[in-house]
Amino acid sequence: MKRDVRILLLGEAQVGKTSLIMALVGEEFPDEVPSRAEEITIPADVTPERIPTHIVDYSGVEQTEDELREEIAKANVVCVVYDVTDLETIEKIGSKWIPMVNGNAERNSRLPIILVGNKSDLQCGSSMESILPIMNQFSEIETCVECSAKNLKNISEVFYYAQKAVLHPTAPLYDPEEKQLRPQCKKALTRIFTISEQDNNQILSDEELNFFQQSCFGNPLAPQALEDVKMVVKKNTADGVRDNGLTLNGFLFLNTLFIQRGRHETTWTILRRFGYDDALELTDDYLYPPLRIPHESSTELNHFGYQFLQKAFEKHDLDEDGALSPSELQSFFSVFPYTPWGPELASTVCTAQGGYLPLHGYLCQWTLVAYLDVHRCLEHLGYLGYPILCEQESQTHAITVTREKSIDLEKGQTQRNVFLCRVIGPRGTGKSAFLRAFLGQSLEEQQQSNKPPSFYSVNTVLVGGQEKYLILFEVDVDTEFLKTSDAPCDVACLMYDVSDSKSFNYCASIYKQHYMESQTPCLFVGCKYDQGEVKQQHGISPAEFCHKHRLPPPYHFTCQGTPDRTIYSKLATAAAFPHLHDTELSTASFWLRVALGATVAAVVGFTLYKALLRSK
């Protein structure tokens, strides 16, 4: 919505332009009228829409044509004033003033025009018979108001309609020649309907209609009013009401009716509540609400976010099989202007039979987006209507910004639930297979798969009895680590091929260059263990290297057969406890402490639960 409104009054000499302005401001007909009034600014607090309004007069005696063109260029709306008793001033509306205002402008970019018939006190009848042909000829004419500056009749209405033409314009919504909603408006209202009907049955129930009404207008509809609305739709459409609910066609018809009856502010209120601007595009303020993220912090979905996303999943899982089919996923993304997830999704998260997306994989993908690009995540939540459906100011309500990592290290504990692991190693080590194994795919299954590759894989692991999300990122040796800023992560997995004698050198070099002086926990993983281990050409063995640098001993891994998930838990645990020395992570006493901590937490929780039950 515009922040202010600039109204320009045009018309032939002596039609009463200046008198109208002075009558509005002084609330009386002026005894003496200057040839032109100074620009008037009406403050926001005295206008119905709470928007400051500037009213500009025009005088052909005082102003040149160049000055007139400048004023037209600055105006948001033009009031063409005519004398209801003078047919020549009416004729000049179409032959002179409207062509001067809009000239050769494109239909969608023309200035809105209000026709103002002044001096109605001097005429018994109405000028509308002469005006209607002009209104039919020029679609940019919003309305016509007959008034009297002398009797103060309809003066405030003139400027109200002018303001309304700017703040709630008809042109973006409705094509008066075709007598139907414009495509962009229909598209926006279809998205709004899809968001508002929350069980995906293509019908707005009474409950959903009331929630929609409350959200947009601040109060629910009375039961009789609901029935009256449906009755109007039913009488005028063949399929607007079904199973006592409003269909999409019924919803579109209602908005068309509002506009045709001059109540387009109703449709604009709906559109703006759902984030649309005057061009019917979602605003940046709606899609990208401000979120402060300190340098060492990360971003995660909180339980509000997961709860909302699970509900959205269940809405589109029509067959209730716990997984979204391609058509169900397409339905899910119907409120997006584009499909945000590509074919690599199948290699990023766990999928069900036939490539369907189960709830677990779906939540993992959202977790990945929230961690890597929170602003994109906020955008996606905005498309789904999070602020409206959750009755929140913005979708930042669904996001937790974690404590800075330096504070976690200082306090010796972290509250994070999502960790990033960089998987680093020379080409051909088996990094991609390691990522796919995290999703439960054996090497044989990977070789038979035609899924497109992904540099990420996301899954959950247990750390001390608690479920955490672990994101694996495969570092491209050709493009990554060009600078130190490429290295940060929660844990580094340095992977070498035990069957290649030159493989360990790369990992040792990366460790010394980027991680030896850092506080990032590191684990060395010897891959392809099933192919036999050879001596590494490094001077000292991988085990000796790890011992020398106080790291846990190398973990041997193979993708043959059923993947072993132990290493993934070790990586997540190292990320969750970065304050501990790396060698402590490999000791039995550490793992016992983690297990005992989880057990104690469970016992305390159960004891509190029983105490609460007794108190009830």
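Glycine is treated like the rest: Cβ placed from N, Cα and C.
Of the residues proposed, Cys390, Cys493, Cys559, the one Swiss-Prot records at the same GTP 2 site as Gly428, Gly430, Lys431, Ser432, Ala433, Lys528, Asp530 is Cys559. Ca(2+) 2 binding, as stated in Swiss-Prot, involves Asp317, Asp319, Asp321; the candidate among Glu300, Glu328 given for that site is Glu328. Swiss-Prot lists Gly16, Lys17, Thr18, Ser19, Asn118, Lys119, Asp121, Ala149, Lys150 as GTP 1-binding residues, and of the candidates Ser59, Ser95, Ser196 the one it assigns to that same site is Ser59. From the candidate list Glu178, Glu208, the residue Swiss-Prot records in the Ca(2+) 1 site shared with Asp199, Asn201 is Glu208. Distances between the Cα of Glu328 (Ca(2+) 2 binding site) and those of the binding-site residues Gly428, Glu474, Cys559 are shortest for Glu474. The list of residues near the domain 'EF-hand 2' (304-339) in space but at least 6 beyond its ends in sequence, with Cβ under 8 angstroms from a Cβ of it, reads 191, 194-195, 198-200, 352, 354-359, 362-363, 366, 370, 380-381, 383-386, 389-390, 397-399. Distance from the CA of Glu474 (Mg(2+) 2 binding site) to the CA of Cys559 (GTP 2 binding site) is 16 Å.
For the binding-site residues Ala149, Ala433, Cys559, counting C-beta atoms within 10 A of each C-beta gives the highest total at Ala149. Closest to Ala433 (GTP 2 binding site) in space, going by CA atoms and restricting to the binding-site residues Asp57, Ser59, Asp199, is Asp199. Distant neighbours of the domain 'EF-hand 1' (184-219): 172-174, 226, 229, 242-248, 251-252, 255, 267, 269-271, 273-274, 276, 280, 311, 315-316, 318, 331, 334-335, 384-385, 388-389, 391; these residues of the same chain sit at least 6 beyond its ends, with a Cβ under 8 Å from one of its Cβ atoms. Helix, strand and coil counts from DSSP across the domain 'EF-hand 1' (184-219) read 25 helix, 1 strand, 10 coil. Secondary structure of the domain 'EF-hand 2' (304-339) per DSSP, as helix, strand and coil residue counts: 23 helix, 2 strand, 11 coil.
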